[in-house]
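Working notes, structure below.
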Amino acid sequence: MIEHNPTTIYGTTIVTVRKDGKVVIAGDGQVSLGNTVMKGNARKVRRIGKGNVIAGFAGTTADAFTLLERLEAKLEQYPDQLMRASVELAKDWRTDRYLRKLEAMMLVADSKVTLALTGTGDVLEPEQGVMAIGSGGNYALAAARALIETDKSAEEIARKAMNIAADICIYTNHNIIVESLDAQ
């Protein structure tokens, strides 16, 4: 778990939902420095690779960008192989002294697979097609799990889960960015 430090940049909630031929990653736009909101419209969900992978990141911003860049390099090395690229990144993350100190997590998805890349170098797949990370991750995860068996679309579930997390978590706001892909 990331420890709270008043001089560290925190925040964010990222959620992913895979349902009915769609995969969605949604995230809020808040960046906090200690207990102060520094920015409300940061973009923490984006397309990477050749646009066929979506990623959302939580944790300290510089660390998250470092990992995102490393994942993009692995995707260039292993095109159209998100699982392989993620495992190779995790190997680096676990063995490189510099990378081991990074405080960030990512959710990544392509048409075939959704993965969480953790700060300990784990690569995890969701059990029920939903996963969430970040300061409001537990709230978003609970909301998404409650909604996954309804007739709502993947995007509707992700947006509702993010709004619930933003209502509860002080490090999450309602400025929600959503990226989606067709899924197999």
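Glycine is no exception: its Cβ is also placed from the backbone N, Cα and C atoms.
Feature list (source: Swiss-Prot):
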- T12: active site (ACT_SITE)
- A166, C169, T172: Na(+) binding site (BINDING)
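Feature map: annotations from Swiss-Prot on the structure.
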{"residue": "T12", "record": "active site", "DSSP class": "coil"}
{"residue": "A166", "record": "Na(+) binding site", "DSSP class": "helix"}
{"residue": "T172", "record": "Na(+) binding site", "DSSP class": "coil"}
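Across the structure, T12 (active site) and T172 (Na(+) binding site) place their CA atoms 5 angstrom apart. Contacts of C169 (Na(+) binding site) defined by a Cβ separation under 8 A and a same-chain sequence distance of 6+ are given as T13, S135, G136, Y139, in order along the sequence. Surrounding the centroid of the Cβ atoms of A166, C169, T172, where the record places Na(+), the chain contributes additional residues within 8 Å, namely T13, D28, Q30, S135, G136, Y139, M162, A165, D167, I168, I170, Y171, N173, H174. In this view, A166 (Na(+) binding site) is surrounded by 21 other Cβ atoms within 10 Å of its Cβ, with every protein chain counted.
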